[in-house]
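If you look up TrEMBL, you'll see A:Lys202 marked as active site, proton donor. The feature NADP(+) binding site is assigned by TrEMBL to A:Leu9, A:Gly10, A:Cys11, A:Gly12, A:Val13, A:Val14, A:Gly15, A:Thr16. The NADPH binding site annotation in TrEMBL covers A:Lys102. Marked as L-homoserine binding site by TrEMBL: A:Glu187. The domain 'ACT' feature in TrEMBL is assigned to A:352-431.
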2 protein chains.
Amino acid sequence: MQALKVAMLGCGVVGTEVAARIQDRSEALAERIGAPLELSAIVVRDTAKQRPGIDPSLLTTDAEAAIADADIVIELMGGIEPAKTLIRSALDHGSSVVTANKALLAANYGELMSAADTAGVRLEHEAAVAGAIPIIRPVGDSLAGDRIDRIMGIVNGTTNYILDQMDSEGWGFDEALKTAQELGFAEADPTADVGGHDAAAKAAILSSLAFHAPVTIDDVHVEGIEDITPEMVATARDQGFVIKLLAVCERVSESPAGPGLSARVYPALLGRNHPLATVRGAFNAVFIEAEAAGSLMFYGQGAGGEPTASAVLGDVVSVARRKVLGGRGQYERPFHKDSTILPISAITTRYHITLDVVDRPGVLAAVSEVFSDEGASIELMRQTVGEVDEQGTQHAKLVLATHSNTDAILQGTVDRLGGLSVVRAVKSVIRVEGQ
Amino acid sequence: MQALKVAMLGCGVVGTEVAARIQDRSEALAERIGAPLELSAIVVRDTAKQRPGIDPSLLTTDAEAAIADADIVIELMGGIEPAKTLIRSALDHGSSVVTANKALLAANYGELMSAADTAGVRLEHEAAVAGAIPIIRPVGDSLAGDRIDRIMGIVNGTTNYILDQMDSEGWGFDEALKTAQELGFAEADPTADVGGHDAAAKAAILSSLAFHAPVTIDDVHVEGIEDITPEMVATARDQGFVIKLLAVCERVSESPAGPGLSARVYPALLGRNHPLATVRGAFNAVFIEAEAAGSLMFYGQGAGGEPTASAVLGDVVSVARRKVLGGRGQYERPFHKDSTILPISAITTRYHITLDVVDRPGVLAAVSEVFSDEGASIELMRQTVGEVDEQGTQHAKLVLATHSNTDAILQGTVDRLGGLSVVRAVKSVIRVEGQ
């Protein structure tokens, strides 16, 4: 049988691993597919650069020619352009495309999937979310007959490593970040990870897939972990919680803004008996609640050359098989373009609020009054004696766990608490998830 | 678009749920598929029986007529016959089939998959392993470009519930089984579950799928949990282990019987920090080690009407979409019919052995001599003072952890230990996995 030509756009860590595996596993891949794969071109910016293990004769800067000659295109350049134009070009040319490009999909999921659908080919993207963990296929295919209500994911390894070290070793944020950088778990510029933006891209893709609606990264409410302190981590631990950066994708049937979808990323308290609480180090996991299937969890390595290459090659085998056996394949259909994506203010959640208060009679009354004024309620209150300050005033630490309410109301409550004369500082505010 | 006719064979707990969901979610399913589904017939033995929620006009005893009229067949009868004949008939008729029948697939995986392949249709079976947990698609498709080396699964909820209660509550086996029966987690006749046979069927299916080889239930080495005592569970706990009934599917590169595959089910010690150790109650989980992807875990509800119906409907949507969009779909290819399936004796493992010995000088020397004679070695030995028996002899409990060796050598060592005059009884032998 004639070989299927594969053009690869980009050749970084993942690309090098993909190229190596296409060569090393050629026999096994040909068996699985029913035809051999032939790496026909690797498009790079600099063909002169030394790339160990890569056949230099495959390197080219001419992306359009490489695409025109290929049966299957693997896009591993990352970023929006030129990746988007090249993927569109490949789809229009009738080639299926495999991509790991989360930034691009998080910005243009609906548009690119429609383009693939119109062209009668596939745009596979298992590697774009949670690395090697099969999540796109389970969500898109295995649960296609069910109704997914909620996805909660630990989808960024860097932040999970940092939070895990803070929890298990008592480290501060800076120390944990520095070690993560030394171990290669964090970039020199860690903003995209610790700010929650990488997780937000994945939340957009997962929401689009699970709810058949074009959710973009701009729709995702994002808070990072930069302000998590060892004290917050210790307090969480004392109360049976662990702090995790969660990507939450939710179908909301009732909210002040009506029914709709919510996609959000923030550090949250998670009960230690929740399956996601056991996800350690740089591992990723995605927890799904579906109407009939109940609770499901998928766990594995979310990044790295080899795991990501595994996901890319699974997609390559899938589209290659379709090419050999015929059949255009199919996507999730249809997209609900009119879905309402809810603002964070409309989402129902719970807060744990830690206040530095003046330890004197009337404090609890003042705090309680704010809650009742705002329509919020306190589930649990714990006061512990704090320091005496320079003015000789005795402080206390007041930890409040709220009942469920909208984020807007809880935020309004916190704002007003901060303005009370007896409250010296709002030390921390963190949401509770997974209960 | 014309409706796709669905015939359902069997109408028990899962079937009732599937029928209800096809009706209740008809609009959502039609959207996903691109055409409506029409439940055209439900084949049962007794059409007169009251079935709440089921339209009596759909009930029939004429399976062949129902199949001839259908586009898609759902087989939920269970057992080998007549299920096998009817599935063959549907495939020959050009209908894709969705089944949850693990017994049938564990006996005839290769034959039935080949029949579907020849007919150019699909035989989907996500519900046959681990209920609602998407595992067939991740193993068969997502990891198709990788090499799966090992699968370890907790794939039987009944035994996991029993072992979990023994571990967390200190219950005995009989008490835990009785409660499982009262809660509906165990059948009146629990033999298939506690004897490991249900898990063995799933191990056969997972092995067939992961290693592209026709592994049947007869190839699976099976040991049940009937002999697990509270003492064994307590000892395991003291040593940082938990006892789980594991289904292990392994690609073995070196063994006394040469390279080959191994499929086995037995209760084993698992370190408490292993992801599978956290699987509680009647939940299931499958842990996969693949060459590039590394460690992955899939977790969820392994049984029950709703979760199983979710898996069945995911498969129905998948084959229906293919029907609408064209394309025959494809299977894992090819099957390595000449794969060697290794006997348990050739598998490398580790034993924890608990002996009741006479507490006198020379015992450790005698025990050590047996190990060195047999070519086995001791990693760790712990002796604790036991009872004084009726003859006034002081006993001791001797716990031995072996280094890795073949099961044959370790079994031979245990047999010889049992024959030593200083050994009053071999109290327990259990393998260690997950390290």
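The backbone N, Cα and C atoms fix where each Cβ goes, glycine too.
If you take the C-beta of A:Lys202 (active site, proton donor) and look for same-chain residues 6 or more apart in sequence within under 8 angstroms, you find A:Lys102, A:Ala106, A:Ala128, A:Val129, A:Ala130, A:Gly153, A:Val155, A:Asn156, A:Ala247.
Secondary structure from DSSP puts A:Leu9 (NADP(+) binding site) in a beta strand. Cβ neighbours of A:Thr16 (NADP(+) binding site) (same chain, under 8 Å, six or more residues apart in sequence): A:Arg51, A:Pro52, A:Gly53, A:Ile54, A:Gly305. Secondary structure of the domain 'ACT' (A:352-431) per DSSP (helix as H, G, I; strand as E, B; remaining residues coil): 24 helix, 38 strand, 18 coil. Taking the centroid of the Cβ atoms of A:Leu9, A:Gly10, A:Cys11, A:Gly12, A:Val13, A:Val14, A:Gly15, A:Thr16 as the NADP(+) site, the other same-chain residues with Cβ within 8 Å of it are A:Met8, A:Glu17, A:Val18, A:Ala19, A:Leu76, A:Met77. As a whole-number mean, the pLDDT of the domain 'ACT' (A:352-431) in this prediction is 93. Taking each of the binding-site residues A:Gly10, A:Gly12, A:Gly15 in turn and counting other Cβ atoms within 10 Å of its Cβ gives the largest count for A:Gly15.
Shown in sequence order, A:Val43, A:Ala63, A:Ala66, A:Ile67, A:Val73, A:Ile74, A:Glu75, A:Leu76, A:Met77, A:Ala83, A:Leu86 are the residues of the chain, 6+ apart in sequence, with a C-beta less than 8 angstroms from the C-beta of A:Leu9 (NADP(+) binding site). Taken residue by residue with DSSP, the residue listed as 'NADPH binding site' is part of a helix. Non-local neighbourhood of A:Val14 (NADP(+) binding site): A:Leu76, A:Ala100, A:Ala127, A:Gly305, A:Thr308, A:Ala309, A:Val312, each in the same chain, at least six residues away, with C-beta under 8 Å from its C-beta.
When the Cα atoms are compared, A:Gly12 (NADP(+) binding site) and A:Glu187 (L-homoserine binding site) turn out to be 15 Å apart.
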